[in-house]
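If you look up Swiss-Prot, you'll see His64, His93 marked as heme b binding site. Per Swiss-Prot, the feature domain 'Globin' maps to 3-147; the stated evidence is sequence analysis. Annotated N-acetylvaline per Swiss-Prot: Val2, in sequence order, evidence recorded as similarity to another entry. Residues or ranges marked as phosphothreonine in Swiss-Prot: Thr13. For Lys60, Lys83, Lys145, the entry in Swiss-Prot reads N6-acetyllysine. The annotation S-nitrosocysteine is assigned in Swiss-Prot to Cys94 on the grounds of similarity to another entry.
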Amino acid sequence: MVHLTGEEKSAVTALWGKVNVDEVGGEALGRLLVVYPWTQRFFESFGDLSTPDAVMNNPKVKAHGKKVLGAFSDGLTHLDNLKGTFAHLSELHCDKLHVDPENFRLLGNVLVCVLAHHFGKEFTPVVQAAYQKVVAGVANALAHKYH
């Protein structure tokens, strides 16, 4: 559960309505793989991840980033039940994929950076604070199965 004020909920919702999930999802996942290269081990089937350009232009990275952001978008409509919303994904990433739950936090922080880059001055400190709460809540929900 994420505790947001009315102002924070409005800020998150207003900005998210302008997000191009295809573009932002691919960029966020791509940046995660470039900035934290050890995360690439979970994506060995994606082909060439040998350089930043290869990662950022990889169609499988872009497609999976879109999928990830689609799930995140779904979570935004269930902020009062993030653990329930992400229960299946938590189980998948824990039991089958064995993803280090710290990677969820890293991806959330990368997403905040990408949103700031895309929205510039519109991504005010108030908006950032609200999104930091949301990505922390999502990361916590995804890590729930690990506890």
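Including glycine, each Cβ sits where the backbone N, Cα and C put it.
A quick note: this is a predicted structure, and the numbers were derived from the prediction, not measured.
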Integer Å distance between the CA atoms belonging to Cys94 (S-nitrosocysteine) and Lys60 (N6-acetyllysine): 22
Nearest recorded site to Thr13 (phosphothreonine) by CA-CA distance, among recorded positions Val2, His64, Lys83, Cys94: Val2
When distances run from the Cα of Val2 (N-acetylvaline) to each of the recorded positions His64, Lys83, Cys94, the nearest one: Lys83
Tally of DSSP helical, extended and coil residues in the domain 'Globin' (3-147): 118 helix, 0 strand, 27 coil
